[in-house]
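**Q** From TrEMBL, here are the annotated features:
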{"type": "COMPBIAS", "residues": "248-257", "note": "compositional bias 'Basic and acidic residues'"}
{"type": "COMPBIAS", "residues": "264-273", "note": "compositional bias 'Basic and acidic residues'"}
{"type": "DOMAIN", "residues": "58-131", "note": "domain 'Methyltransferase type 11'"}
{"type": "DOMAIN", "residues": "204-280", "note": "domain '18S rRNA (guanine(1575)-N(7))-methyltransferase Bud23 C-terminal'"}
{"type": "REGION", "residues": "240-282", "note": "region 'Disordered'"}
Amino acid sequence: MTSNCRRPEHTAPPELFYNEVEAKKYSQNSRMIEIQTQMSERAVELLNLPEGQPCFLLDVGCGSGLSGDFLSEEGHYWVGVDISTAMLDVALDREVEGDLLVGDMGHGMPFRAGTFDGCISISALQWLCNADKRSHSPPKRLYTFFSTLYSSLSRGSRAIFQLYPENSEQLELITTQAMRAGFGGGMVVDYPNSSKAKKFFLCLFAGVTGSLPKGLGTETSDRAVSNQVQYSGQRCRFKGMKGKSAKKGRDWILEKKERRRRQGREVRSDTKYTARQRKPHF
């Protein structure tokens, strides 16, 4: 992990960087939508929610509501918090199903104790590591956020943060403040040996500490030192993909259809043609 001068958080504060132009990109760029949906799906998977049971979730840094769309698709109810009014305006125009709230993560989460069954956050947490004002102290803002989030979660629930850490020191700062606030857990890394597919997920436990979920594509990382980022290999059928997206494969589609059947939704029957790729037409 090395510093990159093009990182958005180095350009401007989030409420300024995510203006009307940037907000429109998130709602119109098909590639952006696909990536956001994939990361939201992985975050919900790491939440380990009860199967077939609607939950009340918090989406921190919800932006234009792309991650919220996935939560709604899975049958969950949600509240989104974001500091950018331009992004929230796009979410309102898109008529997302969740409730929306303008708020700064560093000021804490203004919710009653035990309100939510879980929390996700996509590409937002690293912004708290920057001091955009003279009064900003990243460690204090992180601790304020994590401590108020811990209070707002029901005991035994999880909070999953997909983030883009700038370096190992930033990762240590984030995890240290989360543990100080009472959380258990640690970092889960998907495809650690791939420069493009590598994704960081901070998996936090509120109250009851469980075993840390396994990272995808980590079959060659068993020799990692135990006090470093924890790697492992869950979902064995995807081991041979070497960083490629598992979405849209036959296993993924069959699993998705079965999950929807359990939720009582109408799903087409499985056939030998399910998930078969068609040849290109010229």
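Every residue gets a Cβ built from N, Cα and C, even glycine.
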**Q** Pull the DSSP breakdown for the domain 'Methyltransferase type 11' (58-131) and write it out as helix, strand, coil residue counts.
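**A** The domain 'Methyltransferase type 11' (58-131) comes out at 25 helix, 20 strand, 29 coil.
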**Q** Let me know the model's mean pLDDT on the domain 'Methyltransferase type 11' (58-131).
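**A** The predicted confidence over the domain 'Methyltransferase type 11' (58-131), as a mean pLDDT, is 92.
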**Q** With DSSP, how much of the compositional bias 'Basic and acidic residues' (264-273) is helix, how much strand and how much coil, in residues?
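**A** Across the compositional bias 'Basic and acidic residues' (264-273), DSSP assigns the residues as follows: 0 helix, 0 strand, 10 coil.
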